[in-house]
Ligand SMILES: Nc1ncnc2c1ncn2[C@@H]1O[C@H](COP(=O)(O)OP(=O)(O)OP(=O)(O)O)[C@@H](O)[C@H]1O
Ligand SMILES: [Zn+2]
Ligand SMILES: [Zn+2]
């Protein structure tokens, strides 16, 4: 008897391991690793994934239960994915089932129906299968199941004579078009023709025409056009049996418009050098990680495109990851215009069905390139030749829910698996990656100049404290207002960037720029509206919100932040003639809105694009000559050790939108703390000096990349329970980890009460801690067996992006 090891869909079980089930004889020839099954668990049937098949088990025969239902006769997960899940589960301290689920499109988690699709001439099929496809190209899977034909079906699937499609029941229904299939029998057509009376002239003409197109399948519109016959005539002829309607599935097309084909650009010397190193690694099959550090507008994308071209020529597939927020049509179109139909796109803007279609194109090896956000790193290609992470510094590459994986780590793992290079690209690499490149863990490739040797834009910083002293209370400094006026006159375009990160969460004095900081840590205090207090979530220090600035005594001390809508109002007051497009979460809710706004801006239907983080990246419009940053500081004072790095990155990225073509660009950054190094270095637009300074700061404070950090959060509806178990957690860690690891806490979390649960946390800083993972696993086990019953929720986040 054969036994399957199954990972079951219960992520509350204390032990995360596969369970053995016997494979019923009827399934033996059908089941494979990576198939989903239904298995009895407790008193119900639950979903599971087959992760191994073996001949023996230690489970006594009377305890061994059989698999109830086999959901897939073609595996949905490859062997690689099963292996990856095992690695991920340990790396991220999560359940294997969560890792497996994370790799699949949500459509496969929903209800669906399976259809069998004919991919060949009916005659090539084994005899028992043939009758099903006499009049259809698509047949319900249940028919084969009912007739006990799964084994020949599986054989045909293996030979690619048939394929299986899962039809998502709810929204994501497969889209079909109705087509006309002309009878394949010449004699039949002749008989029909002869049977028609001479008065049915149009019908006779049509059947005559059909005799030249025996067995062809075409859209009714084409027939109407070619023969000038009316739909009624076609209908009449179909009723006579000369043709029939069939339904053909089409992939939903998430691309609204076709794109124009583009050609390869002649590379600059710098691009050429970078590309060469990448191609060498591809040819050698070397799983190297490259860090492509190129200033904004240096043509990193062109390097990706040509590397992908090489990958396709090698007969391999490429995965391109871009941050969700910059997954704009502008970016995806650059890939589509080069590789056309060979590109699948995956992002959250697609419907469940569209996402599933794109995934299926990859799964069935119908495309060669996938461009997508974080989860596209799991694209089920089997012969990967290149993986690219664009804007590698983006925090959205880290998943914030279990499994808390970082796409960069998964990409590098897959690179090793497929023996292929990984490219991390950015104008402002994360400190971690740049430090690794400096240590030769990654290979550094540099593009110092813009592609057409355009200068980087000039950057000016305006001290908003001075503006206030001059009596200017508006959001626009005189300088920025003047420059806007100037561009409006010249009919050049303007991008206004409102930094929404850290919106309203810190308190700032508008007169002297003081930000309320913690006494014990170099970090700004977080404003808590519910009790009107300022709090440090690192050490727990708190104080009431002051009414006067402790430095200068001014009363102009307040929570900081302005919404885009307010800016828009003020803009239209100041510049009534300006045409403004606003791009933020509110204006882009509707599907396709994002695309429409950018298209309008590209077509110069507006003078000013006003937006949040969404507009900081990827935009490549030649007529933008002015970029204004309204509030550089908001992201600076977040209680996050990466605040300076994030601010520098944002300012550099958004500045990089200006002056990308012939006309020179100008950037104006408004700030209340212009002396801060992140702002000063952003003005220089030089990465290296910023990197050096920031590394010093991290060293002093013992933060990454010098130390690793892990964050454990405990929550409970009762504040005392939460505090109590967080303390138990800290005690446990202190008794298990080495003295080199520092355990900070427990302290309250940044947002203490979330969805009516009180949250406490412990922060662990460590360098080399061989016992870390085993300790965490043990802690998880205690939690899953004991604490969970008390209503505690515990999460462990290794290398959290935001603390
Ligand atoms: N070799 C080249 N010859 C001519 N034009 C080029 C070349 N390489 C890139 N370009 C053009 O330069 C512009 C900037 O390139 P691209 O957008 O790829 O830069 P990037 O490094 O990805 O920029 P960012 O990081 O700012 O998004 C684009 O309009 C691109 O078409
Ligand atoms: Zn002050
Ligand atoms: Zn503190």
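Glycine too: its Cβ is placed from the backbone N, Cα and C atoms.
The following features are taken from TrEMBL:
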type: BINDING; residues: 509, 512, 549, 552; note: Zn(2+) 1 binding site
type: BINDING; residues: 518, 521, 536, 539; note: Zn(2+) 2 binding site
type: DOMAIN; residues: 281-447; note: domain 'Helicase ATP-binding'
type: DOMAIN; residues: 544-698; note: domain 'Helicase C-terminal'
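Location within the structure of each feature annotated in TrEMBL.
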residue	record	CB count, 10 Å
509	Zn(2+) 1 binding site	24
512	Zn(2+) 1 binding site	16
518	Zn(2+) 2 binding site	21
536	Zn(2+) 2 binding site	23
549	Zn(2+) 1 binding site	20
552	Zn(2+) 1 binding site	13
Query: Among the binding-site residues 509, 518, 536, 549, which have a Cβ atom lying under 6 Å from any atom of ligand 3?
result: 518, 536
Message: Quick check: which same-chain residues outside 509, 512, 549, 552 lie with their CB within 8 A of the centre of the Zn(2+) 1 site CB atoms?
response: 510, 511, 513, 514, 550, 551, 553, 554, 556, 557
Whole-number Å value for how far residue 518 (Zn(2+) 2 binding site) lies from residue 549 (Zn(2+) 1 binding site) (Cα to Cα): 14
Between residue 512 (Zn(2+) 1 binding site) and residue 536 (Zn(2+) 2 binding site): CA-CA distance (Å): 22
Message: Distance check, please: Cα of residue 512 (Zn(2+) 1 binding site) against Cα of residue 518 (Zn(2+) 2 binding site), rounded to an integer number of angstrom.
response: 18
